[in-house]
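**Student:** Would you mind keeping the following structure in view while I ask a few things?
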Amino acid sequence: MGKSLLVAYGLWSVGGPLGLHHIYLGRDSHALLWMLTLGGFGMGWMWDFWKIPGIVYRYNSQENNQENKNIVDKNIEPPASPIRFMGQVATGIYFGIVAAIGLSSLSSFYVVALPLAVALGVHLVASVGEQTSDLKNTLIAAFLTSPIFYGRAISTIPISLTASITAQKHRKYRQQHRTHENLSLRLYRIGLAYLAFTGPLAFSALLNTSRTVNYVAGSIGTMLEWLSIFPSISSMVERILLLPYRVWGMVLGVGTFRDQYFKEWEKIYEFVSIFQNEKEELACKVLGIHPKSTIDEISRKYRDLVKIWHPDHNLQNVKEAEERFLEIQAAYETLVRLRKSKTK
């Protein structure tokens, strides 16, 4: 039975972040991914608006045996996708952080629970749509990488990168086309996977709030420090992290929640704000300007320092000049971005 484009868009608008349109279109892995990440951290759900017509078309074409009939017989390797790869890395890191929140008290966390969670997150993204990957090889890559970074807060990043590269290397089309399973059975499987993911997280967040908040704040701090060498990416991550709190303040008003539970979680947003302030102070020191300098003053100082430290003007000490030049650029970009965000 064919699928209706109108119904798909209706489900997208009503329950898109929960993957309802993907359940309708028989894409259970995609639906589960959206449930666990709230629509691919919001961005994937919005991107689906343009992708739905193509998904519906492919579904109906396969139903009528008009398209992709011999993909498996020809054993064609799916094309590499940078977007899928970035999604695998991000989801692997996300699964690792969630596992750390709910399962870090386990003695075998860093050698069993963490690599398992990261690998499953990577494999879930690899299994979206008509593609999949070799779960065994992805797990092996994650478990071999985990001991190298044992006990380090940043360990989720290299584990996810290694697992994602392995998953991309072993990408393939599914060996079976869509099966017409009962909807209730499909929902049962998705529900079990969802509970397995959210159960430990909910337990830790509700019954061990302070410890959970401190761990999340520490993980965010480590990630932002690592991303500070990429100012644009760091800025985007900071805005995403602060967005829920700002929406909360706009809708309900600052200070609406007085309960201690909500104040604990508010510490995470305070932590990100403090991190921004520390970056601003450091950037001011690098440029040698006052913290209250205007954008024009920052730009003038930046131009003066660039003339002094440009590598072309320091041929006798190129290495030091390059390091100083990059440091000045990063400080300038940070200050301009923070000044513009404050004027909005």
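Don't overthink the numbers, they just go from 1 along the chain as shown.
Every residue, even glycine, has its Cβ placed from backbone N, Cα and C.
Okay, so TrEMBL annotates it like this:
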type: TRANSMEM; residues: 6-25; note: transmembrane segment
type: TRANSMEM; residues: 32-50; note: transmembrane segment
type: TRANSMEM; residues: 85-103; note: transmembrane segment
type: TRANSMEM; residues: 110-129; note: transmembrane segment
type: TRANSMEM; residues: 149-167; note: transmembrane segment
type: TRANSMEM; residues: 187-207; note: transmembrane segment
type: DOMAIN; residues: 282-344; note: domain 'J'
**Student:** Six or more residues out from either end of the transmembrane segment (187-207), which same-chain residues have a Cβ under 8 Å from its Cβ atoms?
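**Tutor:** Sequence-remote neighbours of the transmembrane segment (187-207) are 23, 28, 31-32, 35-36, 95, 98-99, 101-103.
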**Student:** Taking residues 6+ outside the transmembrane segment (85-103), which of them lie with a CB under 8 Å of any CB in it?
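**Tutor:** Same-chain contacts beyond the ends: 33, 37, 40-41, 44, 109, 113-114, 116-122, 124-126, 155-157, 159-161, 163-164, 167-168, 197, 199-201, 203-205, 212, 215-216, 219, 223.
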**Student:** Using a cut-off of under 8 Å between C-beta atoms, tell me which stretch among 6-25, 32-50, 149-167 contacts the transmembrane segment (110-129) the most.
**Tutor:** 149-167
**Student:** Could you pull out which residues elsewhere in the chain have a CB under 8 Å from any CB of the transmembrane segment (32-50), counting only those six or more residues past its ends?
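**Tutor:** Contacts with the transmembrane segment (32-50): 12, 16-19, 21-22, 87, 90-91, 94, 124-125, 128, 190, 193-194, 197-198, 240.
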**Student:** Using DSSP, break the domain 'J' (282-344) down into helix, strand and coil residues and give each count.
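**Tutor:** Looking at the domain 'J' (282-344) with DSSP, the answer is 53 helix, 0 strand, 10 coil.
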